[in-house]
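Asks: Structure in structure tokens, see below.
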Amino acid sequence: MIQNQPHFYRGRFSVAPMLDWTTRHCRYFHRQFSQHALLYTEMVTTGAIIHAKYDHLEFSPAENPVALQLGGSDPTQLAQCAKIAQQRGYTEINLNVGCPSDRVQNGMFGACLMAKADLVADCVSAMQTEVSIPVTVKTRIGIDDLDSYEFLCEFVQKVHEAGCQEFIIHARKAWLSGLSPKENREIPPLDYERVYQLKRDFPHLLMSINGGIKTLEEMQQHLQYMDGVMVGREAYQNPSLLGYIDQALFDPTCPVVTPREAVEKMFPYIEQQLSQGVYLNHVVRHMLGAFQSCKGARQWRRYLSENAHKAGAGLEVVEKALSFVAS
């Protein structure tokens, strides 16, 4: 069902933060499909921002609105990083309280922080002291045996009391041991109703739902109960879905953007990046799924995969790959 009036809540639709996937090049590509989608960075640790020589916060203003997802649990460091991010032009700071990987746990951030609501509250409070942009939290519905609805409500209430007004809830619990991050995205069952109930019990908070969402119809169903939906792998693997988002979820007067249009709009960006020494493959690897289910999609993927990594590969590789796709 197409909405009858514009909807402009910043987080009504967002693309999830995904490690190694939602790079600045990926976000720039996704922005060609949708002007309203909220895009997230990969998770960036506080240490990487404070100590690393590499600029982990580089992005183009044309990507906005973009949220920076931070990984960390030291309130002072998080506040420092949030301040830097706001100065750099990010529109939201998001704290990762959902990733269950061993590496993340060893750094004392991610899903394990659900068991430390007081610390999460301190982190949120410290960041909000330093920035005027929204500070949000992405979390799960529980961890290990701490998976009762009461536990979830207590966590949300405590973090809200510290000033957090927006939550993104992955509708699965996380197992902190015994499952890989991939398995934690698939094996724990989805419990959308629990997330709906959380929104009913905290109507004054803005809440988005995440986990297993793949179609516009599913998004519209969730939006009957939630303020926003967050989509991860489906948006990356089938980015043509993003071309319908503005019209279907924000403003019915917005045009649908086709994959070919989005790819062609990338040409100036690709040339700019090449001139700065960026390898073609670093940009176009995020574009392989652009024509999923279209005639010529396999040839598009194959040609890019076989040629974009070659020395001296330029825009002509993308143009040639595009010639295999039906107009």
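Please read every residue number as a count from 1 along the shown chain.
Glycine too: its Cβ is placed from the backbone N, Cα and C atoms.
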Asks: Lys116, Lys138, Lys265: which one does Swiss-Prot list with Pro17, Met18, Leu19, Gln69, His170, Asn210, Gly211, Gly212, Gly232, Arg233 for the FMN site?
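Replies: Matched candidate out of Lys116, Lys138, Lys265, per Swiss-Prot for FMN with Pro17, Met18, Leu19, Gln69, His170, Asn210, Gly211, Gly212, Gly232, Arg233: Lys138.
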Asks: Would you identify which of the recorded positions Lys182, Arg233 has the most other C-beta atoms lying within 10 angstroms of its C-beta?
Replies: Arg233
Asks: Express the distance between the Cα positions of Cys99 (active site, proton donor) and Lys138 (FMN binding site) as a whole number of Å.
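Replies: Lys138 (FMN binding site) has its Cα 9 Å from the Cα of Cys99 (active site, proton donor).
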Asks: For the binding-site residues Pro17, Gly212, which one has the sparsest Cβ surroundings, going by other Cβ atoms within 10 Å?
Replies: Gly212
Asks: Which site among Leu19, Cys99 has the most other CB atoms no more than 10 Å from its CB, taking these as recorded positions?
Replies: Cys99
Asks: Where does Lys138 (FMN binding site) sit by DSSP, helix, strand or coil?
Replies: strand
Asks: Given the recorded positions Asn210, Arg298, Arg301, which one's Cα is the least distant from that of Lys182 (site 'Interacts with tRNA')?
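Replies: Nearest candidate: Asn210.
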